Protein chains: 2
Amino acid sequence: MSKILTEVLRANRNYRSDFDKADLPMPPGRQFAILTCMDARLDPAKYAGLAEGDAHVIRNAGGRASDDAIRSLVISYKLLGTREWFVIHHTDCGMETFTSEIMTELLNSSLKTASVDADGWHDCCEGPGSTEGKYINWLTIKDQAISVTEDVIRIKSHPLVPSDIPVYGYIYDVKTGGLIEVPTATEAGQAT
Amino acid sequence: MSKILTEVLRANRNYRSDFDKADLPMPPGRQFAILTCMDARLDPAKYAGLAEGDAHVIRNAGGRASDDAIRSLVISYKLLGTREWFVIHHTDCGMETFTSEIMTELLNSSLKTASVDADGWHDCCEGPGSTEGKYINWLTIKDQAISVTEDVIRIKSHPLVPSDIPVYGYIYDVKTGGLIEVPTATEAGQAT
């Protein structure tokens, strides 16, 4: 068992040992959702003050309003009753450090094409590369205020999103822990 | 300003007031990533023992290995150095409570088609419905052990995923706070 797996299971035993959240209902108690980045430095429960049971948290590379994030938000609204949403990108995001072309080239030059041996998963790590990266939109970011605004507008404009849901746009500052409003996005997000 | 927005910004001011994480590097310090559900009852930082800076956390409805989750995992590996991944679904998941057909019907019957007035966002909440839901795969779940196994296999089989990355499959029990291994998934996830 790897060191990480051992540590995660040990931490989970500690969490479980004094767990007192068995009776929380499925719908988020505070009826809101946050879409934010997967970045390791971000802890939405801490930076936005969430306890278990409070709010849906959707995270991907960049905190982007991908089709999958829209899927999650529509389920969040329609089946589980959230009525306000936040889009929170952040400073010093990895998504600013590359372009789709760079990612495609990296993958083309060094990442293994998947292969499975007769006896199971192939255990080699790097190979001749794969051109599959060309077929993925990596949703990179050039400017956080623009990406937040674009994502709020995309969510608000989506045919499956009710137009009366406020969508607040913010940037999390990894140097201060603070949330900075993106006014254009937030104005677009507030119901008129 | 809504009650929720006021509360989130107040919580953030508290977090910011004694923030001491300004010097964390961008790559996750413990070099792993967790893919899990957006469910409000789940706090991956607590159930898996994460501090800010430790690990990437990717979340969507169900914790599914969607194309967008794959995008995030490949970026996590290739640009930011994670080398072990967890797929963690959970008991009592909202994704077990409906089917794609039910979701499509719900949206078709009651969710507003997006519209924008001349003076801004339309402020009505419900309308004639939208057939857009037909075009989305909602990635519902019938059985958590099966969904975890399928998602681990999908990730391991993806042409952009190096085959030597262990992918551990677990179910989080919302009644106990504990992680339950999904052996088939985890065996498939361990490099041979």
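Here, residue 1 is simply the first one shown, and the rest follow in order.
A Cβ is built for glycine as well, from the same backbone N, Cα and C atoms used for every other residue.
Summarising the environment of A:CYS37 (Zn(2+) binding site), the number of other Cβ atoms within 10 Å of its Cβ, over all protein chains shown, is 26. Mapped onto three states, the DSSP output places A:CYS37 (Zn(2+) binding site) in strand. Residues annotated as Zn(2+) binding site in TrEMBL: A:CYS37, A:ASP39, A:HIS90, A:CYS93.
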Identify which of the binding-site residues A:ASP39, A:HIS90, A:CYS93 has its Cβ surrounded by the largest number of other Cβ atoms within 10 Å, counting every protein chain shown. A:ASP39
Per DSSP (helix/strand/coil reduction), A:HIS90 (Zn(2+) binding site) sits in strand
Given the Zn(2+) site A:CYS37, A:ASP39, A:HIS90, A:CYS93, its other Cβ neighbours within 8 Å of the Cβ centroid, in chain order, are A:THR36, A:MET38, A:ARG41, A:LEU42, A:GLY62, A:GLY63, A:HIS89, A:THR91, A:ASP92, A:GLY94, A:MET95, A:TYR172, A:VAL174
